[in-house]
There are 2 protein chains.
Amino acid sequence: MTKLLRSWVESANSAETDFPLNNLPYGVFSVDGSEPKCGVAIGDKILDLASLETTGLLDFDGTLRTGSWNAFMALGKDQWSRFRSELTALLAEDSISQGGVEPHMVSMDQATLHFPFDLAEYTDFYAGRHHAQNVGTMFRGPENALPPNWLHIPIGYNGRASSVVLSGTKIKRPNGQLKGPNDEMPRFGPSARFDIELEMGAIVGQASNGPISVQEAFDNIFGYVLLNDWSARDIQAWEYQPLGPFQAKATATTISPWIVSAEALAPFRTTTPDRSKPLLPYLQEPAPMLYDISLEVGLTPEGGRETIIARTNYDEMYYSAAQQLAHHASSGCPMRIGDLLGSGTISGPNKENRGSLLEISWGGKEPMTLDSGEERSFLEDGDLVTLRGAAFGEGYRVGFGECVGKLLPADKV
Amino acid sequence: MTKLLRSWVESANSAETDFPLNNLPYGVFSVDGSEPKCGVAIGDKILDLASLETTGLLDFDGTLRTGSWNAFMALGKDQWSRFRSELTALLAEDSISQGGVEPHMVSMDQATLHFPFDLAEYTDFYAGRHHAQNVGTMFRGPENALPPNWLHIPIGYNGRASSVVLSGTKIKRPNGQLKGPNDEMPRFGPSARFDIELEMGAIVGQASNGPISVQEAFDNIFGYVLLNDWSARDIQAWEYQPLGPFQAKATATTISPWIVSAEALAPFRTTTPDRSKPLLPYLQEPAPMLYDISLEVGLTPEGGRETIIARTNYDEMYYSAAQQLAHHASSGCPMRIGDLLGSGTISGPNKENRGSLLEISWGGKEPMTLDSGEERSFLEDGDLVTLRGAAFGEGYRVGFGECVGKLLPADKV
């Protein structure tokens, strides 16, 4: 297990912070309505990189002065590494540069966070085995739970990039076409089965213009965020055959504000689970490319207190983001800087590991009881959902911050 | 029927040109490697709008000097109309401004055309009834051909914007996962059932951030292009359950280079076909919002001559682009300037009206014979596919130019 790297930023040395020197996640922030710019989280501070770059202590061609990490991503993997190592040196406990760096620190509680990159396109996968097994069992029974292609392909679909929002954005319950199995005709009205999906999002940091290997895909991934794929199950049930989910997934997808770099997560690399069937060569992992990241979901009813409704781990995924990206590019599909890949819902083997209310309440048949005594099958108006995640080293955690969204009532129709 | 508007550009007065004064389609061009800029096609000429704007004969806030129509679209519908009426006056046979405008004309055959707008996201629909009926009959038999939701929802899925290319771009046959019904395991190799889909593309010219009515959706559509949704049927067959087509549609989608404005098409508005079941109010058309546009597909084998393999009409669509856009926004999904909506394959009632080889060859069971005597079930390497379309007035046509793509062999695997 790797150890805490100590920083002269005292709050970064706590075992409780998401942002020790080992992490250095990438965000975009503003203070008092100023132009958004690039920053790195360290303890309870944000290091203003745009401001620091003017001192000459860092030089990345002005890419850090933009309100997005895309220009920096375009510099490539060698520069990503140089940046981390230079920044780690500047912030280390014994750094001789403390005096030069310290004036460029901002208190996190005074900053407003913004979407950290220019999102190109958003793809969502269905690559967690326990989730696919649970959902398949509900709809087709345990024998036919996994579709025939599932163990061969990281099944994915294109999502709607314009609907991806930053943590904290309020989510309005959607209206949509609904039809119960016994209804003669569909009707248009508010979704009554509005749900969450606990996922990780991988951010593509290098473009490709043709098929790439799993290793190349791994190298092209810049970092990771938490991702909540809000889902209207009743809209989905009626619309999704034959071409997949569309309006059921178009209301919103929320991401956490800090991009945790692949390099920061390197000590926590782990293999995907054993294969039930061998993968075709273009999908085989040459090395461990998944990560051991503990995840949890909290649900807080309006005016109430939070219940942790799920605990699971990213290492439950059957396919890594690298495998998903290699598959995505396999047809020649051009991939771009700023593409976001949702992992698919991350459930674990047990009931307490289920990453969606659909699974937790088993399609609404087994409502769960919150700590307050209230029951939940799906989300109620006013519910606040919080995703959290962290990888654990010796005496420290590499965390993601929170991915939060509150549900507002639907528009009247 | 409306009449030809005569122009002092003589070639624009021919019944054969796609680009009479009634059309004035919007493109982006360059000459001899210059910066791409906005232009309008008129006969065999392109009017250089960037250059014309410097004279003061047109003034649209510099939006025409960019290499994309997005900034102009953002000005809104009133400016779209003012632009057309001012340009129509400048180019009319009796215009007093001929001397001022003529120096800004470029010969079309000296220009290179570029992608005419900044593409935001690409959505493809499945909203042509004959196509859905044909495909459904092949896979499920005639009784169950249409999915239960089909007559209630314009079924759509998110496509991959990075794969949308301009007419003339060569298309490489994709590799992908393939598995025949009798194969034990899938394999990775070149698609053997690579196909086209004849579609129209609608370009969203105004953003929305919540549900909109069909009328608002109609008003937000800037114009139309021809669209060829290249499709790998064998990859699709294995991957598409349960979440829809993904890599089968990610190799490329080709559009024609000129955006024909909704205003130019206004004389050709027509209603969607009679409803088999009533639509929910949010999808009902308040006025005719489809267009009478004749369409054809030509297939030219390497070194051979062209066979017209399909003739159909955009008026065969069951749902208009306005209905598709209203549905797309119904969940609260934000729509943006530069979103592209593919109509879905436009087939007609008869065999000669089928807009895909899948239908023409009935899943490969009934290969067609080209004029050269060669047979085709799906595309062969070297095949050149050309889509053409035009609406017909009295003695003139409002055409789209050609949407062309040639198929190159797959990469070796």
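Cβ coordinates are placed from backbone N, Cα and C, and glycine is handled just like the others.
TrEMBL lists A:ARG140, A:GLN236, A:TYR240, A:THR345 as substrate-binding residues, and of the candidates A:TYR122, A:TYR126 the one it assigns to that same site is A:TYR126. Going by what TrEMBL states, the Mg(2+) site holds A:LYS249, A:THR253, and the candidate of A:ASP229, A:ASP274 recorded there is A:ASP229. For the Ca(2+) site that TrEMBL gives as A:GLU197, A:GLU199, A:ASP229, the extra residue drawn from A:ASP124, A:ASP183, A:ASP292 is A:ASP124. The recorded positions under consideration are A:HIS131, A:ARG140, A:LYS249. Their Cβ neighbour counts within 10 Å are lowest for A:ARG140.
Under DSSP, residues within the domain 'Fumarylacetoacetase N-terminal' (A:22-116) fall into helix, strand and coil as 38 helix, 24 strand, 33 coil. Closest in space to A:THR253 (Mg(2+) binding site), of the recorded positions given as A:ASP124, A:HIS131, A:ARG140, A:GLU199, A:ASP229, is A:ASP229, taking the CA atom of each residue. Spacing of A:ASP229 (Ca(2+) binding site) relative to A:LYS249 (Mg(2+) binding site) is 7 Å (Cα to Cα, whole number). Cβ neighbour count within 10 Å across all protein chains ranks A:GLU199 highest among the binding-site residues A:GLU197, A:GLU199. Looking only at the binding-site residues A:GLU199, A:GLN236, A:TYR240, A:LYS249, the one with its C-alpha closest to A:HIS131 (active site, proton acceptor) is A:GLU199. The most densely surrounded of the binding-site residues A:ASP124, A:ASP229, judged by C-beta neighbours within 10 angstroms, is A:ASP124. Under 8 angstroms separates no C-beta among the binding-site residues A:ARG140, A:ASP229, A:THR345 from a C-beta of chain B.
In this structure the C-alpha atoms belonging to A:ARG140 (substrate binding site) and A:GLU197 (Ca(2+) binding site) are separated by 20 Å. It is 5 Å from the Cα atom of A:THR345 (substrate binding site) to that of A:GLU199 (Ca(2+) binding site).
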